[in-house]
Amino acid sequence: MSWQAYVDEHLMCEIEGHHLTSAAIVGHDGAVWAQSTAFPQFKTEEMTNIMKDFDEPGFLAPTGLFLGPTKYMVIQGEPGAVIRGKKGSGGITVKKTGQAMVVGIYDEPMTPGQCNMVVERLGDYLLNRA
């Protein structure tokens, strides 16, 4: 299965009538492996900072998580494995795998729990395949 198929079929799938706003699989180096059409343009340093938070949990807490034009307030995740952010009625979940990050961005009516489930399920699957 191609990386794009993982994004299209596993991340952008419908859950209880809702789906993510956008999603991507991004290498640890910040290179995009696959993304949905609406995934925001981002700076390499934004991905570098996300990777740094995986290595040093809490690194993003004082400044927030920036991805493209959006700043997310970092909320409780799983240190070294999952970063979660909130912005208004939406948010972001980033799951680290062996070589990549699975990123999902959502807005209402999708819930944070639904976003977490979609992103973390694919991330866990990829981790178990390695």
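The backbone N, Cα and C atoms fix where each Cβ goes, glycine too.
As annotated by Swiss-Prot, disulfide bond applies to Cys13-Cys115, with the evidence given as a curator's inference. Within 10 Å of the Cβ of Cys115 (disulfide bond) there are 26 other Cβ atoms, across all protein chains.
As a summary of secondary structure, the motif 'Involved in PIP2 interaction' (81-97) carries 0 helix, 13 strand, 4 coil according to DSSP. What Swiss-Prot lists as motif 'Involved in PIP2 interaction' is 81-97.
Using a 10 Å Cβ-Cβ cutoff, Thr111 (phosphothreonine) registers 14 neighbours. According to Swiss-Prot, the feature phosphothreonine maps to Thr111, an assignment based on similarity to another entry.
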Sequence-remote contacts (6 or more beyond its ends) of the motif 'Involved in PIP2 interaction' (81-97), Cβ cut-off under 8 Å? 21, 50-51, 53-54, 60, 64-65, 67, 70-75, 103-108, 112, 115-116, 119-120, 122-124, 126-127, 130
